[in-house]
Amino acid sequence: MAEHSRLRPYRVLLGARVRAQSSYRASFGLDLLTSLLIGLVELAEVWVLYRSVDGIGGLDLTAALLVFGLADTAFSIADLVVGHLDTLPQYLRAGTFDVFCLRPQPLLAQLVTSDISLRRLTRVAVGITVLTGALITADVPLTPENALLLLLALVAGTLICAGIFVAAAGAQFFLVDASEMTNAIVYGGRYASTHPAAVWSRPLVALFGFGVPMAFAGYLPTLTLLDLPTPWNLPGWAGWLAPLAALWTAVVAGLSWRLGTRHYQGGGG
Amino acid sequence: MRARVWFRIHGRMFSAGWRRGSTYRAAALGGLVANAVFGFLKASVLVAAVRAGGGDIGGYDATAIVAYTWLGQALLGSVNLNGRSDLATRMKDGSIAVDLLRPVDLQTATTAQDLGRALFSLLPRGVPLIALGVLAGGMRLPLDPLILALGAFSVVAGTTLSYLVVYLVAVAGFWIVETRGLQTAYMIVSGFLAGLFVPVTLFPGWLLTLARATPFPSMLQTPIDVLSGRLTGAESAQAVLVQLAWITGVLVVGQVVTGAGRRRLEVQGG
């Protein structure tokens, strides 16, 4: 019961955000449409690249779409829930972040519930559609094992992406003006997650294979699912390690956020 | 005499933009890091695609595609593919009324200013990324001064063209005030059709025709192809002429739209 009442303010807040965003019908519809267009253009990039060749880095078009479907769904859900954290530099510069510090609630929980980008729902829809289509085309048998792997990959992928958003937000307290530096990790990671990691050079493997474990969001689970050869001397069941990658990201995100908020000294207001 | 005044005013606007660009150093560094990471990622995927395609895709071999990737990243700070502009903000908050009182042409003056900002950003972002592409990415640039000169001209033309189209997005605000939706649409479409992700020559026939019917390939793909020496002789001259034709066309459209918008503008408040 106590737990229930503690979460109530957030629930009320989120409900208000949802109502606010959907009450301007025309504008909300347009937002949904633009978001759909973004998803489609990202899909078109993959399609254009893979249609002209037999396969890149061991992935044919179907396998590439499976990677895209998994990784993009995960990223889009994370973006929907915590994507607005990347506006933190604006709060910091304007000094409005101090308002959050005054309230007797955890900072991160306040920031996460300060906004929700419902318009990104259509992007999630694109991801899920591509994922379903690719699963059907690839003729993946619907065994309980495969279903579990897919579910694990989606949940872990979403947590990895969300963790990266939080870790990047923590770094903003130090960077402020150079926020594009974390964009390299967040959006570079999104790009990385939808392509075959086998073609990467060593530094890229270190960065996006293990440091920011984007390869675990779509690529490695796909290899395990389709029984394709795995790179970097990893075992064939490497796709099952996605939850471990998610755990690692959560630790990094937690550390980054703690360091960041401890470093913050106020906007001088 | 009038020409001299025109050049002095636009020269001032240009250097104002240049100085503005030089103020935000941390931001430039951030952009540089982001472009570099994307450069390495894209180059590895595209080179793998070239290998899978038997050494050539869409007319690009491995060295050409590496140059394509790095030059694209290097020009990204200058060529406006995000649709945002100061002008759009000024349209929304009403400061546009002050701009319109000045005895200078809104379109050419803001273009000169943005060109200053854009060309400055070649120093902190363009040059280091080209150097990185050469040193770590295995990129090669042609050493022929004629190619490089035409390439530099093409870069300026592509940058100018990108701003002129973004100007159109901004002045749509005369009618619809909030142009954020248009900006986002521009950002999505322009990057794809300009060849930021994959060269447009890789597109299937119908999509390539569609892309070539827009000014976007002239903003990024043309400068890259001319500068990297992939297009030579008559082909490169022709590509630059297409750029100039787009610039002229968009300039005229911009003048007409600005004229109509002036009569339409209503700024509220005091």
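Glycine residues also receive a Cβ, built from the backbone N, Cα and C atoms like all the rest.
Features as listed in TrEMBL:
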TRANSMEM  A:28-50  transmembrane segment
TRANSMEM  A:62-83  transmembrane segment
TRANSMEM  A:124-142  transmembrane segment
TRANSMEM  A:148-176  transmembrane segment
TRANSMEM  A:197-217  transmembrane segment
TRANSMEM  A:237-257  transmembrane segment
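Long-range Cβ contacts of the transmembrane segment (A:148-176) within its own chain (Cβ-Cβ under 8 Å, at least 6 residues beyond either end) map to 70-71, 73-75, 77-79, 81-83, 85-86, 88-89, 92-93, 108, 111, 135, 182-183, 185-186, 189-190, 193, 212-214, 216-218, 221, 224-225, 239-240, 242-243, 245-246, 249-250, 252-261, 263-264. Beyond the ends of the transmembrane segment (A:124-142), by six or more residues, the same chain brings 36, 39-40, 42-43, 62-63, 65-66, 68-70, 72-77, 80, 150, 225-226 to within a C-beta distance below 8 angstroms of the stretch.
Long-range contacts of the transmembrane segment (A:28-50) within the same chain, counting only residues at least 6 positions beyond its ends with a Cβ under 8 Å from a Cβ of the stretch, are 21-22, 56, 59-61, 64-65, 68, 72, 76, 118-123, 125-127, 130, 194-195. With a cut-off of 8 Å between Cβ atoms, the residues of this chain six or more beyond the transmembrane segment (A:62-83) that come close are 39, 42-43, 46-47, 50, 55-56, 112, 116-118, 120-121, 123-124, 126-135, 137-138, 150, 153-154, 156-162, 164-166, 190, 193-196, 214, 217-219, 221-222, 225-226, 228.
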